[in-house]
Every structure is written in C-alpha cells, then in structure tokens.
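A.B. asks: According to TrEMBL, the domain 'Ig-like' annotation covers 37-133, 151-236, 241-325, 331-422, 424-512. If you look up TrEMBL, you'll see 525-623, 628-725, 730-824, 829-919 marked as domain 'Fibronectin type-III'.
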Amino acid sequence: MTFWNPQRLRESPFEAKDAGHYQCLTANSLGSILSREAILQFAYLGNFSGRTRSAVSVREGQGVVLMCSPPPHSPEIIYSWVFNEFPSFVAEDSRRFISQETGNLYISKVQTSDVGSYICLVKNTVTNARVLSPPTPLTLRNDGVMGEYEPKIEVHFPFMVTAAKGMTVKMECFALGNPVPTISWMKVNGYIPSKARLRKSQGVLEIPNVQLDDAGIYECRAENSRGRNSFRGQLQVYNYPHWVEKLNDTHLDSGSPLRWECKATGKPRPTYRWLKNGVPLLAQSRVEMVNGVLMIHNVNQSDAGMYQCLAENKYGSIYASAELKVLASAPVFALNQLKKTIIITKGQEVLIECKPQGSPKPTISWKKGDKAVRESKRSDVSILPDGSLRILNASKPDEGKYICRGENVFGSAEILASVFVKEPTRIELTPKKIELTVGESIVLNCKAIHDASLDVSFYWTLKGQPIDFEKERGHFESIRQASSADLMIRNILLMHAGRYGCRVQTTADSVSDEADLLVRGPPGPPGIVIVEEITDSTATLSWSPAADNHSPISSYNLQARSPFSLGWQTVKTVPEIITGDMESAMAVDLNPWVEYEFRVVATNPIGTGDPSTPSRMIRTNEAVPKTAPANVSGRSGRRHELVIAWEPVSEEFQNGEGFGYIVAFRPNGTRGWKEKMVTSSDASKFIYRDESVPPLTPFEVKVGVYNNKGDGPFSNIVVICSAEGEPSAAPTDVKATSLSVSEILVAWKHIKESLGRPQGFEVGYWKDMEQEEAAETVKTGGNESSIILTGLEGNTLYHLTVRAYNGAGYGPPSSEVRAATKKSPPSQAPSNIMWEQQGSQVSLGWEPVRPLANESEVVGYKVFYRQEGHSNSQVIETEKTQAVVLLPDVGVYIIEVRAFSEGGDGTASSQIRVPSYSGGIQIVKEFKMVSQIS
C-alpha cells in the first residue's frame, strides 16, 4: 500500500516510480478512513522490431496465418492490416479474419488475389498513436492447388472466459479450410441470450451487459462440405462486491456493548476485514470479528474513532465507514426542565418527567420536601422506568415540592417541580335541544363553575370543528363574560344545524358540553330525474324524493328548457298538482321534435328548494306541423312576376324533419289553386313568373306547411298584386352645371308612368375620351330630381345620362348632356405676408398669387382666423391683397390666407400667430415660405 503526494502525481508523474495501486487516507479530529484502491497506469505504444519479415508461401486453396507480433503497449490496442500500401485495408469477411486478441490475420482459403504485401497496423485506444509492422509478403507456390480439407479451428476463445457483470463479452472463433467453412454458435444446455450479436461474418459472438444467468458452456462450430470441427469453452460471470447493509454512525455510553454488522453480495462471496482509523483492527479480549460482525464489549474512550468494514473478493473491494463516539458526561437537565409548576384538579393523574442527559445513564431518585418518595403496591405514587414520577387520583395532600435527582460516576443534577391541586371545573350549556326555522336566531349560554384562582377560556365548535368567528361573523358571535360565554347565531341556515360544543379550558383542566340544533328549511334538490317515456307532446318523468329538511314536502314543480326557451320554464303536468308524496308525473303540451331538458323543484311550508340536476337532453317525437306561416304579403319584383313573401316558421314549431312550404295562388275571382312546393325550411319568399300576367294583376295567395309526417295548415288568404312594369319613359329637361373642380350638379324633371312607378333615378357619367360602357353610376331614392356628383377630376369634360328604375328594372336613359369641371384652384400659397397689430385690429398685406396654366384664375382671397385651441375659424373674403381683421376677444389668434377661384380654395399660407393685444403697435414681417402643405 502506497501513499503519495497528490500534487506531485499531477505535475510530474514518472512511470517507473509512480505506476501502481493508490489509496487516499483522510483524517480529522474524529479519526481516519481509507478510500478504495485506484490503479495508476501509463499509456504507451512501442515500435515494431525493424527486422525484415520472411515471406510466407502457400499453395492456392490452402489456409494461412500471418503473425502480427505487436510491440509492447498499455492499455489495449486495436488491430488492422494494410494490403500492399496504406490506406488499402484488408476487409474482413467469411474468408478473412483479424483477431483482436492476438492481432494475427487469418485467411481460410488463399486465392491468387491475396498475393501481395501485408502490414499489421496497431492503434492505442487511449493515445490514438499508431505504428506499422514491417511488411510480410504472401506468395503462391507453384507446385499445384491445395485440395479440399475439413475445417481446422485456428482462433478460439479460452477454455475459461471470465467477465464482470454488466461488461460486454466478445468470444472469437475462426477456422481454416477448403471450401471456406461457415461458423455457427450454440449454448450447451441453454439458449444464446437474445441480446447477443454476431459480428465479422459470425466469427465473433458479442454479449452486451452480461448477467449471471448468461454464464455457461458455449460452443463454436466450423463446417464445410469436407467435415465439421468445434470448440467448447465456459463463460463465468463474476460480480464485484455490493453492499446490502452498511454501517451507521453510533453514539454509545461508556461501558455499553457495540455490535456492528456489514453485509455484501458478490461472486465469489466476499470476505470481510475491519479497519480502525485506517489501520487493520486486531481481535482482543473485548473485540470480536466474525463474518462481517464486529463486537466490542464494555466500550471506553479508547474505542472511539472511525471504523471501516472492507468487503472483498478476487475481483474487487468496497469500503463502508462509520464513526463510533463514546459518551462520558455528568447528568444535566434541559433548561425547560429545571423548574416546573404543575396545576391539576382533584382526581387527575400527574406525570412529572425527569430525563437527565448523561453518560453512563444516570440513576433517578425522587424526594417530596425532605422525604424520599418510595413506591408501594398500595400507593398511587410510582416511578416509571424512564424516571418520571406518576401520581394517580391526585388530592390535596399530594400538593408540594418534588425534587428529582440524576446521578452517575461523573456527578449529579436536580430539578424542582411544584404541584398544586385545585377543585375540578364544572360546565353548564343551555339550552340542550333547539328546533328553529331558517332565518331565525338563537343564543347558547355556556357557564363555567371553577376555582377563582384559575384563568378560564371558552372555545366553541360545530360538528367537531372550531367555529371561525371572523369568517362567519355574519352568523356567529361570541359574547364573553367573567365566567360564561354566549354564542349568538343569527339568520340561521340549514348548514348551521348540528351538534354544538362548548369547551372550558383552565390552567388545571378542561371540560366540555354539547347541545343539538335542528334547523327546518326549504326542501333540498330532488334526486336524479329520469325520462321514462316520450311522445310528440308529452314526457313521463320520475325522480327520487328531495330531503324535506324537517318540514314535509307539499308539492313538486316540473320545469323544462329547450334551445328556444329563455331559461327554465314551468310546464303543464298531469296531474295538474304534484303532491309531495309523488315521485313521477307527465309533462304535457310540449312541442314535437324539440330537444328538452327537465328538472324538478320541491316546495314545503317554509319555501321552495333548489332544483334537481337536469335530466339528460331528449327530443320529442315528430308530428304533423300545426303552425302556418305569418305575415303573408307581396313584394316588388320584375315585370310578369308574382312575388309572395312570408315570415318563416321557427324551428321550434316545424315539428319534424323534411319541413317545407306549400305556396298556393290564383288570380283574384278564379276557383282553381296553383300549388308550388318550397323545400327549404328557411325560405321566406316564392317568385312565380308568367309572361302573360300583366303588371299589377291581383292574386289570392296562401302559404301552408308540411314535413315528413304530413301537411299542416295554410295561412289566411291575402290578396297581392303582380309586379309592376319597369319605367317606360326617360326623364326630361336634364341639365348639368359645373360647381367646382370636383363637383357637377345634375337636375331633371319627373316622369308620369302608368305601368312602372319609379323608385328612384340613376345618373351615369363618363369622361369625354371614354366609352359609355365605362360609365360610373350613382342612384337617388324617392322623388328627388337632382344630385351633386362629387370626387370628379378637375378641368375634365363629362357626359351624363339619367334613367328611372324600380323593382322591375330600369327605364330608358335620357338624352346625353355634357358639363366640364372647373380648373383646379391655385396651388401657390400667398407669400411675403406683412401684418400690423393695433389693439384688437390686425392689418395684413401679401403678394398676389399667379395661377399656373392648368389652374383657374384667382377670384379673391380668404382670411381665416381662430382663437388658439379652437377648431372653428371665421372667414373674411376680399378681392384685394390686403385685409383688416378685428379680433373679437382677448387672446392668441391663428391667422392664415388662401387664394380662391371658381375651382375652390387654394393652398393656405403659413400660419401667423398673433399674441394677445394689450395696446401699442407691433409690426412683423413673415419669412417667405419654402414649401407648403395643403
């Protein structure tokens, strides 16, 4: 065993001196322990011998083995072979095999293509260093071809293979032979594990995560047409030691016995050794070590320290550590035990604890005053095994001062307890039984008769749980007096029923009493509602009775809800009145083919309770519809059309699938009806077209309903007229007047019609260079005879027509008229504005605006002024380039100037901010504007 400076190992390891087994010894004031062993190895890879290798000469068809003879190395290396030159590697297959145990290359049957130079390449798995062997030439003899022969196993795993549990086991097997042998594997008296894999054309059997039950005898077979050969070897799986039971730190009193046991499993079974402070523990008269059990009799301070149990087998070792602390101290009491005052009542039991800490365990003795307390069979006083003093059925003579003394070889200590015996407390709770109705109030009185020297507290409970007066202050209030407490219960609810408890607590005892409160209230919800039978208009329901809450149920009420109802609605029933002893009834007058939910509500003399849980949703059966469409009327349409409209029947009243409408009509005064089917349940009109029907012909019409069950009723007969004709005359006296750069006023005269009354007029307009088909349109309604077209382009000629329209269509257009929009207003803003203020008068002047060629001539100027913070402006118009503004009120004003023309207002000048006037003259010249924002 070697101990080494770890700093030196890290900085300057030296192979010859530092390689080997290491353990770390850790020490402190409690002792020392050893770590598990660690092995330090140095990875290296030597060079092949430089000696030239002899050529290997074989006959074609013969097997050959090329030796690698690797150089010294540590740890494992990986073997491969180069053929002729790097990096042309030999590929392994059923004919060629490289053993990772020896590094040799095996060719089961040499072919002419195998002739060449072979180099063994080895690679260190840690350093990745690689070295190449001298080449080994392989040649063919010229004395003929090798004949066929049976397999000869050249590579096989050892007769005994050992592996640790959890490792990956690899077993090699390869044979020479002609023809090339095939390799197979089996496990004698068992099955090869399903996790096993065959590698390198079955030349390697690999078993990952090997377990104990994978052990056994494995057989490798090599076979060709000339024969068969085999090899058997045994796989043994071992297991490193593993703890089943470890040690625990132990504190013992001086003189006590120690027994420690450690248990470990492993294969082979582990043996045990013990260490104390890193040194092997030897058997002595007080120390015994038997099969993992350590016993030390009568421990003392010399036995204290760190102990280790070492479990080991041939494959490894493990350590378990624990501290043995030997206690030796004089008795001592906790601070809260030094002086006690115990107050009890007559007849109670007194228990005075006496538990001094000390090692070895102190002996206990008791005194009352100056006299020792002794036990006797007839006495009510006894000393318990843990040293406590117990007094049964206490009385006045038991009052006094009691002293407990704890003593061992290192010293002694005492505690004092004063015992006072009082009269027992009594309690009176009234009233004992109460019956109330929801909403009423009650007061419970709890009175205590107790020793006047004792403090008293009152505690209230309901159904065994403390009452939270803060949370329930709307219902509960505790009213405290000197030796009593009242519980006020206001606005009682059903949940307040139950057993109330009053507990009186003093420093000496605790007593309690109970009272029962019964609360009458509205019924609870009935039980689950079941739909027993359903028809097209009825539903037979049953339910389980509701809790009557101490007041008999007088009646039940049935309610229903459907997608068409506004919440829950009371339904008619048979019988009409459902008495409290009934548990079923029939809901009637339901609508066919509607999904319903049902619930039941119970009532007693106190009130109506909560409803039951709704039943499952169920649909009533189908029936012939009974509701005819409402508001049958006519609508406008095109010439030769009869448009019949109605208000669709709600889905609630369609009574089944396949719902539709039957539209019947006939010319007024005739007998036979024409009927048309409308299959859409959402339809609200039907259009009948007949080229022979003149406009405004009166018809009698009615609309009926049907579904898959049959035809329902028709609506009342109403008289409506067929559609009028479209207007036949064009508007006259159409005039178009340009208003601005973007507006034209169009006006016309009304037309007189006999067949088609106009509902309005449509104005079409298009630019001079466009076709009429590109015209845009705008409509008017009613009797209007003019319209202003807006959003037009400036300085543009437009063509315009007007035509009337109604529900039947459009009439002929008027004659075409033309009008041109005005040129755009000036885009230049007034500039070089001068202004002068005298009190409330502001005089302004500016340079005239020159319009561009495509802009309208300036007619005049507008001066806009408004008080700062306001949005509405006042305007002064002038034809001159000057104006005077009279400011109406004191304050700051914003002024701007625009030129205007027949095309509208031009761009505004920059704003002038005129300060509040206060007398005097102020002259300001505005800077010329660089750009304007219109």
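Cβ coordinates come from backbone N, Cα and C, glycine included.
Just so you know, TrEMBL annotations never went through curation; they're auto-generated.
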A.B. asks: Using DSSP, how many residues in the domain 'Ig-like' (241-325) fall into helix, strand and coil?
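C.D. replies: Its residues divide into 3 helix, 53 strand, 29 coil.
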A.B. asks: Per DSSP, what is the residue tally for the domain 'Fibronectin type-III' (628-725) in helix, strand and coil?
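C.D. replies: Within the domain 'Fibronectin type-III' (628-725) the tally stands at 3 helix, 50 strand, 45 coil.
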A.B. asks: Tally the residues of the domain 'Ig-like' (151-236) by DSSP class, grouping H, G and I as helix, E and B as strand, and everything else as coil.
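C.D. replies: Looking at the domain 'Ig-like' (151-236) with DSSP, the answer is 3 helix, 53 strand, 30 coil.
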A.B. asks: Determine how many residues of the domain 'Ig-like' (424-512) DSSP places in helix, in strand and in coil.
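C.D. replies: Across the domain 'Ig-like' (424-512), DSSP assigns the residues as follows: 3 helix, 50 strand, 36 coil.
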A.B. asks: Can you tell me the mean pLDDT for the domain 'Fibronectin type-III' (628-725)?
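C.D. replies: Average per-residue pLDDT within the domain 'Fibronectin type-III' (628-725): 93.
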